[in-house]
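Q: Right, I'll just put the structure down here and ask away after.
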């Protein structure tokens, strides 16, 4: 099922980039991309316009604009959401993929309190601020039919998809800051889904394990033993493509997922299915 309506994507690289391009291909009526790096957001918006042209959806994509956001700053988030509302008129889909990865991999006895705090500022507080602001916006929007030829699906004011992690289900050695933050995001997703359900707003998360993104590539450079850990822990024998995660996000945004809220979709090539001994 295609996604119509307008989309607000936070995060201009990796999974966020893949989601924005997927929205452009699928014919959204408008798109706003936000990132702490405004130049990256502007570049992605231009790429989305070109992608819509190549996919034959340029007529549907009325606009693709960019703005800056620091998700850990309340005022910055409010300004970005206001920009999206002004440009798009309404936000039907919000995908929040902003986040940071581990820089210092240590056992808990040697873990950095500074990095722990930084991880929570972006990955937890940032997720909270974005979900809070977008929920408030969507509550003011008129409900629209989920699918006109299937009235039993009811109406919707919008949906939010948060990028979680398989680390919310299984811990990774020497990554206490990331594992703890992603467990918090899991709880936030469930709480937001419960609070928003009566307003016709769905909230879900996608929880991948290792994905081929710039953040993971940096982690592989910073933590030499990580590559072997990945190779031995993923039953499918490879890491995910960002496009594969975007496909899951598109499903959760689509009418096909109209009864899904509070879900935390694990997308990990089987990583969390078993323990790994030896």
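Glycine residues also receive a Cβ, built from the backbone N, Cα and C atoms like all the rest.
Relevant sequence annotations retrieved from Swiss-Prot are reproduced here:
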type	residues	note
BINDING	15, 70, 132, 178, 182, 211, 213	NADP(+) binding site
ACT_SITE	178	active site, proton donor
ACT_SITE	182	active site, lowers pKa of active site Tyr
Q: Could you give the maximum C-alpha to C-alpha distance in Å for the residues 15, 70, 132, 178, 182, 211, 213 that bind NADP(+) per the record?
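A: Farthest Cα pair among residues binding NADP(+): 27 Å.
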Q: Across all the protein chains here, work out how many other Cβ atoms are within 10 Å of the Cβ of residue 178 (NADP(+) binding site).
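A: For residue 178 (NADP(+) binding site), the count of other Cβ atoms within 10 Å is 24.
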Q: Mind checking which of 132, 182 has the fewest other CB atoms within 10 A of its CB? They're the binding-site residues.
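A: Looking at the binding-site residues 132, 182, the Cβ with the fewest others within 10 Å is that of 132.
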Q: Could you check what DSSP calls residue 132 (NADP(+) binding site) once collapsed to helix, strand or coil?
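A: DSSP assigns residue 132 (NADP(+) binding site) to helix.
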Q: Check the DSSP secondary structure of residue 213 (NADP(+) binding site), expressed as helix, strand or coil.
A: coil
Q: Would you count the other CB atoms within 10 A of the CB of residue 213 (NADP(+) binding site), including those on all shown protein chains?
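A: So the number of other Cβ atoms within 10 Å of residue 213 (NADP(+) binding site) is 24.
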Q: Whose Cβ, among the binding-site residues 15, 211, has more other Cβ atoms within 10 Å than any of the rest?
A: 15
